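Participant: Starting off with a structure, shown below.
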Amino acid sequence: MKSYLVGGAVRDALLGQPAGDCDWVVVGADPAHMESLGFKAVGRDFPVFLHPKTGEEFALARTERKNGHGYRGFIVNADPTVTLEQDLQRRDFTINAIAHDQTNDTLIDPYGGVNDLEQRILRHISPAFAEDPLRVLRAARFMARLAPLGFSIAPETLTMMREMAASGELNSLIPERIWKELSRSLAYTQPAAFLHTLRTVNALEVVLPELNALYGVPQHADYHPEIDTGLHQELVSDMAAKLAPGDMLIGFAALCHDLGKALTPRATWPHHPMHEQRGMAPTQQLSERLKVPRDYQQLALIACREHLNVHRLSKLHDHTVYELLQRCDAFRRPERIAQLAIVCEADYRGRYGHEDANYPQGQHLCRLHAAALAVNARDLNRQDLHGTQIGEALAQARIRAISSTGVYDGGTRTNF
């Protein structure tokens, strides 16, 4: 029995990046032997064990053979005769097929992963890559993480990904797996690379058709020098990642904010009247299909509906600002306003030539919200108030608090 450190921990160490969880592969052992050493079996589809002291995952070396449709149609063989090289060969990319023997501090790299790391290439290991459609999404997600380091996908791997997209295999992916790869990409510094990669291999139209529909839809060049709405969406996604690193909630809301532009009549292009309202349905549809968590869905719908109101905040009446806060449920969920402000700033700055622009609307929205939030029912003289009068009085008090942050003169809010 011998164990090797494998996968992401080895790859990240060689890249000089912070390593995540340590995964180990065990050669020459069976489940009974692992359990006799105190390891706890946790694998459902293949033998995986938790170390009795560290809790790290140790998987028995295995091979996989395709015997059905989709990413679950595999026969797994995990017995003591499976070699390390055979186990590494079943993996997706060469950079993930490097093992570290810690007993003598050597690397086992049968498929050229170290060289591909040095050349900044994401390359599949073997034709078996095409047997698992999930790997198309994994490649896109890896690009969201690795593109900032200068990585690109090998031409032969792109070709195989296109063939996989054309085969219909991607239709077998369950919504939860698509969401998992999408949401993880939103935690990286360049989530637009996820979208760009999928679109390059014609997979975006299959797994995320609502987002794919934005490409080729023109916007007015005076406001959007990048013109293409799909490109704007990529810029906004990357800007959101810059403004709120690792925040997948904000990232998803930023991703959905302009979905309505794909539904505006062609006759109105490059203008998109009512795209905020039009975007609610595809945002809901996307969220429900992928089984997106409820808090993600709610913030995405808020951003879709309200982003133009935040952009023109200086033109809004005090009572209109209060109504905006109410629609966001901002008095019960105060965190939403700061989140919305970041999404709107990402939208504003996610345009060619506006990357470093100031966006005072975000800070001002937070100030208006803070002023209104500071007022509560306990502050009211409630002796002569009954029933709905209390709520009405509280609303008026909060509107006065909003007004106190600046003077609205019918055209522009001061102190902005």
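Heads up, residue numbers simply count up from 1 along the chain you see.
Note: Cβ is positioned from N, Cα and C throughout, glycine not excepted.
Features from Swiss-Prot:
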type	residues	note
BINDING	GLY8, ARG11, ARG91, ARG138, ARG141	ATP binding site
BINDING	GLY8, ARG11, ARG91, ARG138, ARG141	CTP binding site
BINDING	ASP21, ASP23	Mg(2+) binding site
DOMAIN	229-331	domain 'HD'
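Tell me what's around each of these sites.
Facilitator: Sequence-distant neighbours of ARG11 (ATP binding site) (same chain, six or more apart, CB under 8 Å from its CB) are ILE95, ASN96, ILE98, GLY113, LEU117, listed in sequence order.
Listed in sequence order, the residues of the same chain lying 6 or more apart from ARG91 (ATP binding site) and placing their CB within less than 8 Å of its CB are GLY7, ALA97, ILE125.
On its own chain, ASP23 (Mg(2+) binding site) has LEU5, VAL6, GLY7, GLY8, ALA9, GLU56, GLU57, ALA59 as residues at least 6 apart in sequence with a Cβ closer than 8 Å to its own Cβ. According to DSSP, ASP23 (Mg(2+) binding site) is assigned to a strand segment.
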Participant: I'd like to know which of the binding-site residues ARG138, ARG141 has the most other Cβ atoms within 10 Å of its Cβ.
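Facilitator: The residue with the most neighbouring Cβ atoms within 10 Å is ARG141.
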Participant: Please classify the secondary structure at ARG91 (ATP binding site) using three-state DSSP.
Facilitator: coil
Participant: May I have the DSSP-based helix, strand and coil counts for the residues of the domain 'HD' (229-331)?
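Facilitator: Residue counts for the domain 'HD' (229-331) by secondary structure: 76 helix, 0 strand, 27 coil.
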Participant: Within 8 Å of the Cβ centre of GLY8, ARG11, ARG91, ARG138, ARG141, which other residues of the chain have their Cβ, at the recorded CTP site?
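Facilitator: Residues close to the CTP site, other than GLY8, ARG11, ARG91, ARG138, ARG141: GLY7, ASP92, PHE93, ILE95, ASN96, PHE142.
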Participant: Taking the residues GLY8, ARG11, ARG91, ARG138, ARG141, which the record names as binding ATP, find the longest CA to CA distance and state it in Å to the nearest whole number.
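Facilitator: For the residues that bind ATP, the greatest Cα distance is 16 Å.
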Participant: Using Cα coordinates, what distance in whole Å links ARG138 (ATP binding site) and ASP21 (Mg(2+) binding site)?
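Facilitator: The separation of the Cα atoms works out to 18 Å.
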Participant: Just to be sure I understand the packing, how many Cβ atoms besides its own are within 10 Å of the Cβ of ASP21 (Mg(2+) binding site)?
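Facilitator: Step by step: centre on the Cβ of ASP21 (Mg(2+) binding site), count other Cβ atoms within 10 Å, giving 10.
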